[in-house]
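Pulled from TrEMBL, these are the features on record:
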| type | residues | note |
| --- | --- | --- |
| TRANSMEM | 15-36 | transmembrane segment |
| DOMAIN | 28-441 | domain 'Cation/H+ exchanger transmembrane' |
| TRANSMEM | 48-65 | transmembrane segment |
| TRANSMEM | 77-94 | transmembrane segment |
| TRANSMEM | 106-129 | transmembrane segment |
| TRANSMEM | 211-232 | transmembrane segment |
| TRANSMEM | 267-285 | transmembrane segment |
| TRANSMEM | 297-316 | transmembrane segment |
| TRANSMEM | 336-362 | transmembrane segment |
| TRANSMEM | 383-401 | transmembrane segment |
| TRANSMEM | 413-436 | transmembrane segment |
Amino acid sequence: MALFNYVNDTGSHEMVVPITVFVAILCFCLVIGHLLEENKWVNESITAIIIGLISGTIILLISKGKSSHILRFNEEVFFIYLLPPIIFNAGFQVKKKQFFHNFLTIMSFGVIGVFISSSIIASGSWWIFPKLNFNGLTIRDYLGIGAIFSSTDTVCTLQVLHQDETPLLYSLVFGEGVVNDATSVVLFNAVQKIDVARFNGWSAFHVFLDFLYLFSTSTCLGVAVGLITSYILKGLYFGRHSTVREISLMLLMAYLSYMLAELWNLSGILTVFFSGILMSHYAWHNVTDSSRITTRHAFEAMSFIAETFIFLYVGMDALDIEKWKMSQQSLAGSVWTSMGIYVTVLVLMAIGRAAFVFPLSVLSNFMNRNARRTPPITFKHQIVIWWAGLMRGAVSIALAFKQFTFSGVTIDPVHAVMVTTTVVVVLFSTLVFGFLTKPLIHHLLPQNDSRRGIDRESSISKETLPLLSFDESATTNLLRAKDSLSMLLQRPVYTIHSYWRRFDDTYMRPIFCAPTTNEESV
């Protein structure tokens with residue numbers, strides 16, 4: 001399969017020129033992003049989109065209005081080559097202590113939240129679009145739209161937040177963003193299996209069962225690959241001969257987990273994400289010091305290039321004349337209908353986001369009400385979490401292309417409308433919401449408030465949970481079990497996390513992780 005479908009593929013020279021120009025634009029984008037790093041309004045994502053728009057305009061003028069693309073993007077390329085390094089790096093770089101300490105909250109936002117948001121967006125679109133004289137979409141299309149616009153992009157927010165200043169908020173935004181992307185893709189794939197002619201309540205329940213199956217099996221596969229890699233690195237000690245081999249093994253095993261998941265019709269995103277977490281937690285401690293530094297920067301660099309590529313292409317694709325002409329044919333040239341569709345999607349996104357962020361935050365605070373080590377999710381935090389999820393990015397674009405195009409080309413005017421709508425929503429949410437992210441967070445979370453949150457967490461002493469002991473009497477163990485049950489009911493999240501730490505330190509680390517004095521515990 002070709003990596004790209006080229007706009008001009010009449011010869012080998014013409015095939016090299018587009019890639020050369022695109023790489024040059026990528027380099028220019030990185031330089032400009034560095035120069036604007038301290039800017040109050042602009043971040044890497046916005047910079048890439050703006051440069052993409054400018055590049056698309058120049059190409060459009062050179063081609064005399066024929067095309068704004070250097071390369072014709074194939075959505076399969078995104079899922080096979082560009083998405084794995086992004087998701088793997090997210091799992092590999094995650095702050096595991098904060099991630100697993102807030103695991104239930106993150107999972108509720110990233111899984112339950114996607115179902116709530118997707119349901120609201122799909123049902124709202126199904127009800128409003130016909131009223132705007134926009135028809136022609138099937139039930140599967142509406143369900144696909146729900147999954148497409150439920151996939152968040154938290155890059156803009158994470159570039160403003162700091163792990164050391166707001167550890168809880170950073171963990172929630174980062175963790176939910178990754179789990180959200182994985183859940184959206186799993187849900188999208190489950191929706192594709194629906195029999196539209198026989199869609200009913202049982203079909204919806206069957207989608208939910210398919211989702212649970214994909215989610216659980218994909219997670220287990222990722223965990224298994226991560227543990228196998230860790231065990232191999234610990235037992236064979238690759239680093240004594242070559243650090244290159246141990247880095248290559250981690251990289252190839254991660255990609256192998258993704259491809260195995262895709263081969264077995266599972267979710268490669270979930271698999272490679274949990275594979276990254278397990279490798280970071282165990283395998284990373286089994287390699288040499290130079291490999292530890294190299295893996296961190298190498299994986300992050302690959303992820304950064306892939307994300308920049310996507311946003312740069314989105315900027316160019318926004319000027320695709322053919323898609324705009326075709327979409328206007330479907331809407332009979334009505335500008336108001338187009339605006340109505342864009343506004344509808346944006347409003348449904350905001351409503352769907354608010355429908356789970358605020359209630360689930362209250363539920364999380366209730367479950368952790370007696371856990372002194374877990375600060376509450378304040379209303380200001382909830383607003384930032386809600387805002388962070390309003391931006392759409394690479395995954396939404398890829399899913400829209402997969403649903404409504406064939407190798408980046410669409411011949412159906414109705415589908416062209418949804419592609420242009422996705423592009424407009426991504427551009428608007430990234431540019432407008434992204435521009436306002438830094439001022440909003442600086443207004444809601446002043447530096448002093450963030451620092452007080454750090455002092456509060458660092459000043460709290462660690463607690464240990466009692467476990468059963470064979471060296472004590474049955475009566476003592478019974479009392480310990482009652483105390484543990486009471487603590488579980490009062491502080492379920494903290495209790496589960498503490499038990500996991502005990503299990504991990506006692507059984508998992510001795511098997512899969514080399515002894516080390518400087519490691520981040522989960």
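Cβ from N, Cα, C; glycine included.
For the transmembrane segment (413-436), the partner stretch with the most Cβ pairs below 8 Å, chosen from 15-36, 48-65, 77-94, 297-316, 336-362, is 336-362. Outside the transmembrane segment (297-316), and at least 6 residues removed from its termini, the chain residues within Cβ reach (under 8 Å) are 22, 25-26, 29-30, 33, 44-45, 48-56, 59, 68-71, 73, 78, 82-83, 85-86, 88-90, 92-93, 155, 247, 251, 393-394, 397-398, 423, 426-427, 430.
Contact between the transmembrane segment (77-94) and the transmembrane segment (267-285) is present: at least three CB pairs lie under 8 Å, with pairs separated by 6 or more positions in sequence. Listed as Cβ neighbours of the transmembrane segment (267-285) (distance under 8 Å, sequence separation of 6 or more from its ends, same chain) are residues 79, 83-84, 87-94, 96, 99, 178-179, 181-182, 185-186, 189, 214-215, 218-219, 221-223, 225-227, 229-230, 233-234, 250, 253-255, 257-261, 292, 295, 508-509, 512-514, 516, 519, 522. For the transmembrane segment (106-129), the most Cβ-contacting stretch among 48-65, 336-362, 383-401 is 336-362 (pairs under 8 Å).
Nonlocal intrachain contacts for the transmembrane segment (336-362), taken as residues 6+ away from its ends with a CB within less than 8 angstroms of a stretch CB, comprise 105, 108-109, 112-113, 116-121, 124-125, 128-129, 132-134, 149-150, 327-328, 377, 381-382, 385-386, 389-390, 392, 417, 421, 424-425, 428-429.
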